[in-house]
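Record features, source TrEMBL:
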ACT_SITE  B:ASP251  active site, proton acceptor
ACT_SITE  B:ASP425  active site, nucleophile
BINDING   B:ASP251, B:SER252, B:GLY253, B:GLY254, B:PHE255, B:ASP305, B:GLN348, B:GLY375  substrate binding site
BINDING   B:CYS463, B:CYS465, B:CYS468, B:HIS493  Zn(2+) binding site
DOMAIN    B:195-515  domain 'tRNA-guanine(15) transglycosylase-like'
REGION    B:406-412  region 'RNA binding'
REGION    B:430-434  region 'RNA binding'
TRANSMEM  B:84-110  transmembrane segment
Amino acid sequence: MFTVKAWSKGRARSGILQIVGGSSCEIAIETPALLLSTRKGLPAFISPDLLPSLPSPDSHILQFSPLHFLEGLTPETMANCGGLHQMLGLHEYGFAAVPRDSIVCLPECNGTNKIGASFETPCGRLLIKSLEYMKMISSMKPNLWATLADEVPAWVSIKRNKNSVDRTVRWLDECIALSSTGGAVFGAIVGGSSVEERRRCAQEVAKRNVSGYWLGGFGLGESMDERSPLLNAVTCMGSDLRIIYPSKSRGRFVALGFQVLQGIASGVDLFDSTYIYDLTIGGFALIFPFDQIERNVSDSQPSAIGGDQTKINLKATVYRKDISPIVDGCSCYACQNHTKAYINHLLNVHEMLAQILLEIHNTHHYLGFFRAIRQAIKEGKFEQFRQQFIENRRHQIFAASLAHQAGKSCTLC
Amino acid sequence: MASANLTLALYPFISDSDIFGDNLGLDEITSASQSGHMAPRLTRRRHLATCCFQMIQVQNPTNPLPVKERVAGTLSTHPIRAPLFVAAAALCFFTAAISISPVICVFCLLHQILGRFNRARAAQLTLPHFVCQTPLFMPVGTQVPGCKCCIVTVAEAFQNIVNVCNGPLRYPLRPLRNTETAVTRVNFLHTAEAGVTGTIKGLTTSQLEEIGCQIILGNTYHLALRPTSELIDELGGLHKFMNWPRALLTDSGGFQMVSLLHLADITEKGVTFQSPVDGKPMLLTPEESIQIQNRIGADIIMALDDVVRTTITGPRIEEAMYRTLRWIDRCIEAHKRPNEQNLFGIVQGGLDPVLRDICVRGLVDRNLPGYAIGGLSGGEDKDSFWRVVAQCTASLPEDKPRYVMGVGYPLDIVVCSALGADMYDCVYPTRTARFGTALIPEGVLKLKHRAMADDTRPIDPTCMCMVCKNYTRAYIHCLVTKDAMGSQLLSYHNLYYMMKLSNDLHSSIIEGQFPDGELYAYMYPLQSISEVIFIWLTLHFPLPAGLYVASYRKCSQRVMFPSGSAMPWRSLESISLPAVLNSQHPNIE
Ligand SMILES: [Zn+2]
Ligand SMILES: [Zn+2]
């Protein structure tokens, strides 16, 4: 199902993930890849008839949270419909189930106990047990699914952290025992900010029959510098594994682009990110050049209009009369059909079409970034790519860290 | 025009004892609406009266036209076709040319009637940007969450609050007691909604094309506030700004001002209102409204009219009607792009057939590219509503498009089309989608209802839209009013349904399968489910009469499936009555 095709000097690798969609059609996704985050299986704003306008097959792998469906769809009805592919009519798409979604379903470590994991959801705080979770999974029939995890923030006590690893491993066993579908199991790896616990958890999970790892508990308080050893501790287990790395990304892009590159450098293959959603809600559009030909950025400063050379805020009045597309030459639906001035107007009058167009463009653009990374890995230039990316944004990283130290909120939060 | 001549030639033999003030019965109008008749009897009588007046006028040329507008309206030169009056007509035109400013209208519109069935007509309307097939429905392009004209009726708002607070509907809808609570509740609803990133109709222009939308309606008032008409003009007009290749229509902006803003005041000069931006008093004159619409650049623009609620009675209605007539001249005068934009006049006059008739005549004299029937859909009862439509469509010229403003319930569209109207607009299909209601042939389907949670059928099994082809009621149930996608998908279906309805009307009129006008007129006030279904069956399944019963049985089972959640049209109509607009209407008397 997963084969590594190319390695860069470090751990970064490029491969092909082959999955079987709804009506037994084969989907081949090149990794490193981005899982598009969804609400109940569909992107937040892109309706299913607009999905094919996104780059294919890159966009054909969607992430969803089974917990979303607790709002009104029972596993029985889901099973009657024949699973998620059938229910959504998206047969040429692969689905990855992850318990939490980082937007509306968040882990709540204080509520979690030995029986099950606790989540804050739109229907209140819920305690999810393995049995319940597996019922949902088997009715939805996702292509890959992560097991239940007890995710804890970086600041919890050593005892609590140890506990979370024990629980996660126990739930993994329960989930595998209860599993009745053919979907690939991704064992959850937790361990907070302790390298030892992370390693212990990874070793335990690796002993089980899993097809990949889901790295949980990131973005919950650990620093960027702490993250690399944590990632390295768990990604050193061999080449036959795929890993979903949830990046909770309510931060600046610099940090995020860096995060993704950091993850890839450590050997992470799949990324599950809410970044596009956050940008879209904030009225931002990605504009950074992601190909190797970097523009001269020395003279561009983070401007006062709420953007930088990475993204622009289309709510800004400078775009009132701007009849150019978001990115010249971008082939997405939004850039092909609409101008910055129109999107600016839509944002001003709170028309949902603004979010639709922004989500299309941002998804398109971000998938392009991943494509460029894969290209770099294949050409053996990943390290250069990464260095250049960081170099070009050094002053932004600096500004971001200053803002972080000063406790200022960033543009997106 | 041969038949017209023939009919008119008979007029002198009709007694004119009850020319004015007669109240036509249902059967009178329906019998007049049969094919072969050009107008209801009332209009014919009025016609005669005018002719008589004109004769008097001509016989006494030294006497100038009466100053009083009411008479002026009545006397205004209606073209006399009867050979009997040819000479008189020529003189009459001459008189009129002196007293009423002569207007030469250049049209950039072609209205070709392709087929008729009794009074119903199917036509091809050629506009600068698109060739449309009528009858047609126009979705409203710019709805704004903060805008009170774009929001729910009280009943819908109330119901949604019930849904939000108590889960699925527990008790039946009942109207709110007083205006105040209604407004408070609606406001509450709005605050609640504002948090959810403004869930509003979200369709791309390519989706609208795919669905088959031919004309989109843009609210001048909203566009003038943001992004402003000057900016739209600078960026090359609304078509280019929103990248919509097909036709556009803009309203005058007056309706929103009167209905939205508490301090709107109408004087002869125009509509004075409080600016929503800085609270300063501002004035919208007919000239200004046209100027703004000229800048926006839609294919069809509307004249500024003096809008009054239909439920108001008394001299205010009359005043508004005459003012509308006076303003139309100012609008025509101010219209700078007659070669690219069609100015439609609006028939006012409340529910009074006499006033409506004066207004129709006044507008017809101005020879405009098209006419709209305004002042309806404001809470009047259905019986009065269709009478006004029937009267106006009967006396408006055959070769011009007729647009019934603000009408959008599927059944209203069917009835108005049967009466000879061509164009409709309403926010209803998209607005109701936001509250989880789908339009289906049997009525409406409340997707919020608990019974939908495990219903694995599509919204409407007969619908061919993208939503019905792919999604179950259960899935839509778990999306509606929670996720943006729910309102997107339902809006898509509802608009598709409206487009399908207009298409079906168009083709059934051409094929001569449109239900008999008489049948309709009698059925409509009764509104029993069986009859409505019967109408639908005759529209959609042209079967031999014997099979209707069987189909009806099949249908009724679908209407009453166990949850009872498919609502018959009757309930839908009761929702339509208490409109928020009414409760917020400023006191302009
Ligand atoms: Zn783009
Ligand atoms: Zn449909």
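Just so you know, glycine gets a Cβ as well, placed from its N, Cα and C.
A TrEMBL annotation is a machine prediction, not a hand-curated record.
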For B:HIS493 (Zn(2+) binding site): intrachain residues, at least 6 apart, with Cβ closer than 8 Å: B:ALA433, B:ALA438, B:LEU439, B:ILE459, B:ASP460, B:CYS463, B:CYS465, B:VAL467, B:CYS468
DSSP-derived structure type at B:ASP425 (active site, nucleophile), helix or strand or else coil: strand
The residue listed as 'active site, proton acceptor' to B:ASP305 (substrate binding site) - Cα separation in whole Å: 10
Close-lying recorded positions around ligand 2 among B:ASP251, B:SER252, B:GLY254, B:PHE255, B:ASP305, B:GLN348, where CB distance stays under 6 Å: none
Rounded inter-Cα distance in Å - B:GLY254 (substrate binding site), B:ASP425 (active site, nucleophile): 16
Distant-in-sequence Cβ neighbours of B:GLN348 (substrate binding site), under 8 Å, six or more positions away: B:ASP305, B:ASP306, B:VAL307, B:VAL308, B:ALA320, B:MET321, B:THR324, B:LEU355, B:ARG356, B:CYS359, B:GLY374, B:GLY375
Cβ-centroid neighbourhood (8 Å) of the Zn(2+) site, B:CYS463, B:CYS465, B:CYS468, B:HIS493 excluded: B:PRO458, B:ILE459, B:ASP460, B:MET464, B:MET466, B:VAL467, B:LYS469, B:TYR492, B:TYR496, B:TYR497
Whole-number Å value for how far B:ASP425 (active site, nucleophile) lies from B:PHE255 (substrate binding site) (Cα to Cα): 14
Assigned conformation of B:CYS463 (Zn(2+) binding site) - DSSP reduced to three states: coil
Intrachain C-beta neighbours of the residue listed as 'active site, nucleophile', sequence separation six or more, cut-off 8 angstroms: B:PHE137, B:MET138, B:PRO139, B:VAL140, B:LEU217, B:LEU249, B:TYR403, B:MET405, B:GLY406, B:VAL407, B:GLY408
For the region 'RNA binding' (B:406-412), mean pLDDT (0 to 100): 82
